[in-house]
Amino acid sequence: MASNSRSTAAATAGVAALLGGAAFVTPTTSSGHLRAAKTVSSASAAAPPLSASMEASATMAVAGAALAACLGRKATAANSKHLVALAAFESELGVQAPVGFWDPVGFTSDGDVATFKRRRSVELKHGRISMMAAMGYITPEITGKLPGFLSPSAGLKFADIPNGLAAVSKVPVAGWAQIAAYFGFVEFSGGFEDYKTGTPGDYGFKVLTSSDPEEKTKKLSAELANGRLAMMAIIGMFFQDGLTGSAWGDWANYTASPLRAFESELGVQAPVGFWDPVGFTSDGDVSTFKRRRSVELKHGRISMMAAMGYITPEITGKLPGFLSPSAGLKFADIPNGLAAVSKVPVAGWAQIAAYFGFVEFSGGFEDYKTGTPGDYGFKVLTSSDPEEKTKKLSAELANGRLAMMAIIGMFFQDGLTGSAWGDWANYTASPLRAFESELGVQAPVGFWDPVGFTSDGDVSTFKRRRSVELKHGRISMMAAMGYITPEITGKLPGFLSPSAGLKFADIPNGLAAVSKVPVAGWAQIAAYFGFVEFSGGFEDYKTGTPGDYGFKVLTSSDPEEKTKKLSAELANGRLAMMAIIGMFFQDGLTGSAWGDWANYTASPLRAFESELGVQAPVGFWDPVGFTSDGDVSTFKRRRSVELKHGRISMMAAMGYITPEITGKLPGFLSPSAGLKFADIPNGLAAVSKVPVAGWAQIAAYFGFVEFSGGFEDYKTGTPGDYGFKVLTSSDPEEKTKKLSAELANGRLAMMAIIGMFFQDGLTGSAWGDWANYTASPLRAFESELGVQAPVGFWDPVGFTSDGDVSTFKRRRSVELKHG
């Protein structure tokens, strides 16, 4: 009896919800505008009361629909696709004013009609489930619960089932089994692939559809619109239910919501009200909330004192007398702002710590548990009158929040500029000012420190870095000259190392010279480095101008002239550092830092300059550096692969073009499948028509070519030479010529086939007269404002690929304003 009762209830729920769902709104005329047909209340009143089991069924139905959609998706994955342009769907079911065809994610960009209809079918199902679910939420609120038992064996009454998400936990196992069985019945009786054999959503139940095609389209369109609204509604209900404990109603009824706990608490003030974007209070823990509010009050009071501590001395001046008589430290000696921290004596910090302790322990760490946070009995700040006390503490909280923002800003500005306020001209102590007139600060860049090395304003460190920069510049200038001079003047005569019999003439230029320097030479270099450093001093920047070692040819006795010379030297040194790095790089890459390419005989880039495929006008071209290791075997393997790719691309390009010129072959491609050559579309659409046996033959041919030619043919001969002399030749010179031409053609074909794939996917055809691309979304805007010769319509990013005229005009409007 109980089982029959539940089955009858489930069936009744399904019919009532479907009928109720179809009565939300209906379209009026072909204009596509929607008018209200029945209100929710009238529809609900006309429907039988829904049980809590139905509510739970409706609530959980979305999960079943998702599973059904996945099964449907899998069932259609192997089916052939028929590609059309994006315009194919603008008059389809569900395309309605005022939005029209809307696909911002681009699900339909492939123009696949079967996939579109499958998605529309799934959308109808989801909409129906969502309408049932929304009605399941609303109906019990209006009509009340069903009488009797949901599960007599469990003693569970309908009246015991809460509304909304909470009902999920009350449905017995047998109830879930019935829901699952009903899902299965609907899916299998309706069919997973109904969209292939008729209109999506038309299962022959003419109350929802109609025998009249026009009326059927009208009804299904209305249902789609209602289903979309219901999907939004049910998601909103789920969210609101999870957040507040109820999916609708007056806020005054949300007594169980965790958001209610604190809405009348201290600090909740207009215009923001209760504000907790991070969700600290989402657990509704009042004790934790009060502890945080107490801490906020303390932080606010400290920040207000700190902000006043910054501002007051600027206005009133310092206190008279001594801060620390024993240390002889006057109040007047204490700088304002952060700099004051370093002047407070140890006894001062001890007093501050003692005061902190007194405030905390006397007020109590847990004062929020025993009274109002922030009320320590000091009635000047609070009051004996509860209403006045709340008013004062609320004002204090607001002021404290402002003070926290203010003091953080002051700290930041003080740390950056040396003062928390005032005219830039007064920021004489700012670390940013310290170096603006220093050596090396030159037009047009001026003082430049993007990494922030000088942000601490340490003059000594700045001078040390400038001294190091001068030394690096001098070394780089010497190194650059060392690279260049032997090329111009030649090598020194005689021996670099008589004992080793090593002549200067034996030393190569550039980096290669490093390996020729004898140990004694390195010792001399090290000794010279030491002499320069120790005689100049490691800390010369502390006692004078960086870089001035008394050698007046480089500097001068005249301070102004000295600054001018050192500044020029810094600029030249910076240029030399860039130059020597460039020389090192070019030397390492090519074997020489300059000169004619013909001289770079040791460069790894030379290894392949006469190889197959190196042709004018580009010559050898490897911008990515694949061949920088000079590995000939790897190079030949890549060239072999390139030849194969080129051959495939040439065949593919011809496969695209030939049927357009010569027409299709006569007869059958697959007699067993009754598939004629004439039935095969051109381009990418042909892929879906190749039968399994055809793919097997293609795979077998691939295998034959690879295994007969050999995967490692490049090791035993010329890449691409498989003995087929029509493509190559017995004459080595002619063979190279033919393979080089083939490589060039293959490269062109690779570019061509990629272009064809792109154009085919975008427009439905890979070539032909533009006038034939009537279905292309790119056509929509070719006569619009701003489409001008010589470029015409230009949208390389594809903003207009959806063909949405309204969006196009909005963008054009924005473009005009920007212009």
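Using N, Cα and C of the backbone, Cβ positions are placed for all residues, glycine too.
Since we're looking at a predicted model, the values are computed, not measured.
Pulled from TrEMBL, these are the features on record:
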type	residues	note
BINDING	Trp102, Glu123, His126, Glu223, Asn226, Arg228, Gln240	chlorophyll a binding site
BINDING	Arg128, Glu187	chlorophyll b binding site
Sparsest-packed among the binding-site residues, when each Cβ's other Cβ atoms within 10 Å are tallied, from Asn226, Gln240: Gln240
Cβ-based isolation winner (fewest other Cβ atoms within 10 Å) among the binding-site residues Glu187, Glu223: Glu187
Binding-site residues (His126, Arg128, Arg228), the one with most neighbouring Cβ atoms at 10 Å: Arg128
Between Glu223 (chlorophyll a binding site) and Arg128 (chlorophyll b binding site), the C-alpha gap once rounded to whole angstrom: 8
Cα-nearest neighbour of Glu187 (chlorophyll b binding site) within the listed binding-site residues, His126, Asn226, Gln240: His126
Rounded to the nearest Å - Cα separation of Arg128 (chlorophyll b binding site) and Gln240 (chlorophyll a binding site): 21
Cα-Cα distance maximum in Å, computed over every pair in Trp102, Glu123, His126, Glu223, Asn226, Arg228, Gln240 that the record assigns to chlorophyll a: 28
